[in-house]
Structures are given as structure tokens and as C-alpha cells.
Amino acid sequence: MSKRDYYEVLGVGRDASEREIKKAYKRLAMKYHPDRNPGDKEAEASFKEVKEAYEILTDTDKKAAYDQFGHAGVDPNRGGGGFGGGGDFGDIFGDVFGDIFGGGRRGGQRQAARGSDLRYNLELSLEEAVRGLTKELKVPTLVGCDSCDGSGAKKGSSATTCGTCHGMGQVQMRQGFFAVQQTCPTCHGRGKIIKDPCSKCHGNGRVEKTKTLSVKIPAGVDTGDRIRLAGEGEAGEFGAPPGDLYVQVTVREHPIFVRDGNNLYCEVPISFAKAALGGEIEVPTLDGKVSLKIPAETQTGRMFRLRGKGVKSVRSHAVGDLLCKVVMETPVNLSERQKELLREFEASLTGESKKHSPKAEGFFDGVKKFFQDLNN
């Protein structure tokens, strides 16, 4: 199962305060704690997930790294910290609750953790998103160490079970009537001791590497779409399965078109004369220019639909439309002769406004009636 977003795990928004995060954590930790759900593996997994999310989102540096890079930004082996808990019921529970449930040692030996999922933010132009393409991505990640085959131990040696926690990665400390589960101080939660570590990975079993992946982006993707590449996340601990890579798509704003689902919108300026007399204009599409017939007496703001000139759906393969809104442009920088012609034209309409400008006439009739009603 893929590692979920930490904010989603705690049920809070990305702008949640630390107080809101702690409140959500306490509620969920009480709900899923294994002592309240004995033998329930799903509850146990949920508890670990909640604990991990809380550790990251209440640490300022880790939270900033996670917000920017996702799970890849908080890996313990990436040079400056990151999430370092092993994945069992670490000391965070003891810090917040003091193990109010008590209870004995649970489970068998700790299993190596699956690799973390990675997120890659990919920005595309509208043209790239509409047509689809193959992108080459360079992804910094952790891969299994080829020197020790991911074991962390020098060739010819092997890891041994930790004698302190007997392979569980956790130890139980009693404080009066209460028992507190804490990360084993000897193996640091791994459950195993590597006495002769690999010189290349220093006993981690994984090393940093930038992978180059060729990713096919399907035609029709849009902002918010996510492409999953199974097994292309970080290598798991000591031979455990790798995580997945999620390519998060963002489409840049376009200077001409606005996308809404599978439809495209654009505004096309037309002259006063073209709007009044009609004619043909050229409008842009993603496939080039096309001719659009404008009928006489077209009003500004009228929408024209060009069917099949939109975006092909990435799911249904249906093709949307291009909707062109014509906007009448008022002429500027007129010569005296041009202004004179417009005055003559305006004068020729005097007394015939109902015929030539019915909307304006109706509007002013309504205004006149409004003020008459006020005075009565």
C-alpha cells in the first residue's frame, strides 16, 4: 500500500496550526493504539502511520522539507535529518501519553520497512499537456547498495539479532504502574546489529543516486493529475520492496487559452465595423488558425463554439470544444477625419435609437421610469 500524504493521514489541511496537528494526533492515536485494538493489524498499521505523520509535521525543519519535496525530503539517510523513526510505536507515544494503556511486549521481530514513496512535481505547457509526450525525469532517490546487496553488512558478514530488544526494535520501560514502549537504544529501532558495516553505504543498505526515468505523459492531463510509477520510489530497507514514484502534474497558464475540463476558452477582439457588418475573422486554435464567420450585428461578448477544437479527455477520449468570445474593440488614435465620420454616423441615428440600439433604448426607458416612480 502506498504511503499516504501526512496531512491526509491526520485529517488536517496544509495550513493547520501545530495545535491542530497535535489535537488530531492525540485523537487518532487513542483510537488506533494497539492496546485498545488487540490483534487488529489494520489498527496497528494506522497507529504507526499517524505517529510518523505527527513526527514530521511537528518538526519545523522536517515539515518544511516535506512540504517542498514530499516523502523524499524527510528520509533519514538524506544528509541532514529527516524522519528517523523505525516504524513501530516509538518514543513519541511515550512523550505524549506515557503509555496510559500499559500492556506487554507485542509482535515478533521487526520487519524491514518498504521504501518511501516519492513525489516529482512536473510542470507542463498547455500544448504539452494536450498532446502528450515522453519526458525524461532526473529523480534523486535511494537505491539498494550494490556492494552489500542491500544488507548493510560487509561482504562475508551478516547482521545479527539485537540482544537488547530481541529483534523487535522496541524496548519496554516500566515507570510505576505504567509501561512505556521506546525505540531500542542499541539498534535504534532496526532490530538487528551490524558489527561489520559495508564501507560504501555505512550499514544503511542504501545509497543516494539520481535516477533518470523516461516517463510517458498521456495526452489530456491537467493540473492535479497524478501518474503512478510502481516500484520507482526509494529502495526498501535491507531488501524490502521499493516505494512508488508519483508524478504530480501542473499545467502553466497560457497567454491565449483558458482550460476548463476538456473545453478551451479564448477572447478574440473584433472591430466595430466587423461586428456591425459581419465577415470572417481568424481565430487561434492549438492546431493553428481557423476562419470564423461573424454574422452582421454581432454584439460584444457573444460566444462562438468550435466543436472538436478543445482537449481530448485522458479518461474517456472524448474531445472538448473551443469557445471564442468576441469582444468589440473601441478604436483609438483616430484622425480628425475619422472622428468627423463617426459624428456624422451618430447624427444619422438620431431619432431612430429604438431601431438601431434597442437594448440601449430599453435601458434608458427603464431608468426614466425608475426616477418617475421615485417622485410619485
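Cβ atoms are placed via backbone N, Cα and C, with glycine included.
As written in Swiss-Prot, here are the features:
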BINDING   Cys145, Cys148, Cys198, Cys201  Zn(2+) 1 binding site
BINDING   Cys162, Cys165, Cys184, Cys187  Zn(2+) 2 binding site
DOMAIN    5-70  domain 'J'
REPEAT    145-152  repeat 'CXXCXGXG motif'
REPEAT    162-169  repeat 'CXXCXGXG motif'
REPEAT    184-191  repeat 'CXXCXGXG motif'
REPEAT    198-205  repeat 'CXXCXGXG motif'
ZN_FING   132-210  zinc finger
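Sequence features, as recorded in Swiss-Prot, placed on the structure.
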residue : record                : DSSP class
Cys145  : Zn(2+) 1 binding site : coil
Cys162  : Zn(2+) 2 binding site : coil
Cys184  : Zn(2+) 2 binding site : coil
Cys198  : Zn(2+) 1 binding site : coil
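The Zn(2+) 2 site is defined by Cys162, Cys165, Cys184, Cys187, and by the 8 Å test on Cβ atoms against their centroid, the other residues of the chain that qualify are Gly163, Thr164, His166, Gly167, Met168, Gly169, Gln170, Val171, Pro185, Thr186, His188, Gly189, Arg190, Gly191, Lys192, Ile193.
The DSSP breakdown of the zinc finger (132-210) into helical (H, G, I), extended (E, B) and coil residues amounts to 0 helix, 35 strand, 44 coil. Other than the site residues Cys145, Cys148, Cys198, Cys201, same-chain residues with C-beta atoms no more than 8 angstroms from the centre of those residues' C-beta atoms, the Zn(2+) 1 site, are Asp146, Ser147, Asp149, Gly150, Ser151, Gly152, Ala153, Lys154, Pro197, Ser199, Lys200, His202, Gly203, Asn204, Gly205, Arg206, Val207. Between the alpha carbons (Cα) of Cys165 (Zn(2+) 2 binding site) and Cys145 (Zn(2+) 1 binding site) lies a span of roughly 26 Å. Over the repeat 'CXXCXGXG motif' (198-205), the average per-residue pLDDT in this prediction is 90. In the shown protein chains, 23 other C-beta atoms lie within 10 A of the C-beta of Cys201 (Zn(2+) 1 binding site). Proximity of Cys145 (Zn(2+) 1 binding site) to non-local residues of its own chain (separation of 6 or more, Cβ distance below 8 Å) is seen for Gly152, Cys198, Lys200, Cys201, Asn204, Gly205, Arg206, Val207, given in sequence order. Annotation: Cys165 carries the greatest number of neighbouring Cβ atoms among the binding-site residues Cys162, Cys165, Cys184, Cys198 [cut-off 10 Å, Cβ to Cβ]. A sphere of 10 angstroms centred on the C-beta of Cys148 (Zn(2+) 1 binding site) encloses 25 other C-beta atoms. Each residue of the domain 'J' (5-70) gets a DSSP state, and the totals for helix, strand and coil are 48 helix, 0 strand, 18 coil. Taking the Cβ of Cys187 (Zn(2+) 2 binding site) as reference, residues of its chain lying under 8 Å away and at least six apart in sequence are, in sequence order, Cys162, Thr164, Cys165, Gly169, Ile193. Across the fold, the C-alpha of Cys148 (Zn(2+) 1 binding site) and the C-alpha of Cys184 (Zn(2+) 2 binding site) stand 25 Å from each other.
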